[in-house]
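**Q** After the structure tokens below, expect a handful of questions from me.
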Amino acid sequence: MHHPLHKRHPLTLLTNTDDYTCDVCNQEHYYPSFAYRCSEHKWCFMVDLKCATTWLGIIENHHHKFRLSRRKDMEFNCDVCGMKGSNTVYICSICQLLVHKYCTSLPGHVRTRAHPHPLMLRWSVERIIYTSGEVCKLCYTNMDKSRGFYYCEPCRYIAHNTCAVKESIGDDDEIGASKADVAQQQITSGDLQDKIKHFSHQQHFLTLIIGHHEEVIIRCAEEEQQKCHFFLHTNCARLPSERLHPFHPQHPLILLSKAPSIDGVFECDMCNTLSQGFVYSCEKCNFYLDLQCNLLPDSLEHKAHYYHPLILNKGNIAQMSLQGDLIKEKVSDYCLGCGCQPVVRFSCFLGKDCPVNFHCCIRCVKLPVIARHKYVNHPLKLTYERVTDDVGYCEICEGKRDPKHWFYRCGKCDFDFHSECVLERYPQIKLGSSYKHDAHPQPVTLVDKIKSVIPKDKRYKDFLPCELCGEPCQGLVYECSECNINIHRKGCCHKQ
């Protein structure tokens, strides 16, 4: 533990000490007894249990007034924020605290846009943190065990006091945030027999039905009469129409039924994958967030790295050792799942103290542990380690598979597969749908054109050039089979 009267070194609990005198209250204690002693110098400082625990109780519920010290140019370390100070110092003689003027009036609790619950002011970090290497959830640097901090006990969400106060929101914003996180069209158990209106399908009412396997879904009430095949999960109907998200705290995100593009396809700014359907959007910043990333927490446990929890890394976070020292050597931030070098990723922040320099991109974090494919009769398991050192091949595309990267495996058939071949390259996009394109009079169809990795593979035809720019078309392409033309979906051709 740390004590304000001996700030240089932490104190260690002794369970069977010799005779000593408490350096706080000067009371004598005789063998055998308990005591806290300086961990660096044997008889430098000793304090009995009463003085140690009383100080912790006082400081965690500090209601005393601070007085301004008359001493000028006094150098000290603030007991609240941990920063060095000189000039003006405020003192609590009862608790032996030296603090800055600003730190004498820290609020007892704050609210931030990054966390839905209030954060309470707490002290003595070592009484709360159970694992070493804990980091602030706002700045992602190590927590100093001698500083005051803000904490949400149910979520174990911790932040430096300076970070929490800096990111705090006022009462008006707090009320707005709480309202924003409530759906305007909540679907509850009491509404199961009622017809509802939903913003994503304004033309007809929606009704709830019991689907296969007792699944409750929502469908268009006019499905049989007007052949309107509109279905909606109840969880999707419960999504808040507006919310605040820690990945984009500048503005609230608005729920849209589709992105403002020809086909409703958008690129998620968190995982950089293409998707369709409902999307949270910030029009001011041209920011898009898919529903899966919307539900990701800022920390998680992953089977590929069971040693320590992973923290959401926004790309500007330095790794630190358990002692709080920055790691100076160059650190490889490549994703262990696919080999990409993502800006946003989940990382282990223990640095040298972790046996694996672990980083994982958002796309790999979202990979399902068990997957199925139409050409394989058995379930496929996501595998994190190579089976052999030999270069393997994917049984679907027959291309080479990097043994260092994650893959899906059928244990019964002894087959390996690329993850993108099992899940397809664009699992969140409805291929084969038709759209009206300004550059072509006929409806065009959204298709995925991929070049075979096998030379002279007759299963894949030669790619037609783009009707607008003349370049070959690969990936997501608009196709008109009637006119036998292709148009790039991405780039300047898409905007024409």
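Residue 1 is the first one shown; counting continues down the chain.
Keep in mind that glycine also has a Cβ here, set from the backbone N, Cα and C atoms.
Note that the structure is predicted; figures quoted are calculated from it, not measured.
Among the features that TrEMBL reports, domain 'DC1' is placed at 4-52, 61-103, 115-164, 246-293, 377-422.
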**Q** Tell me, roughly as an integer, the mean pLDDT over the domain 'DC1' (115-164).
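**A** Summarising the domain 'DC1' (115-164) by its mean pLDDT gives 72.
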**Q** In the domain 'DC1' (246-293), how many residues does DSSP call helix, how many strand, and how many coil?
**A** 3 helix, 20 strand, 25 coil
**Q** For the domain 'DC1' (377-422), jot down how many residues DSSP puts in helix, in strand and in coil.
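**A** Taking the domain 'DC1' (377-422) as a whole: 4 helix, 15 strand, 27 coil.
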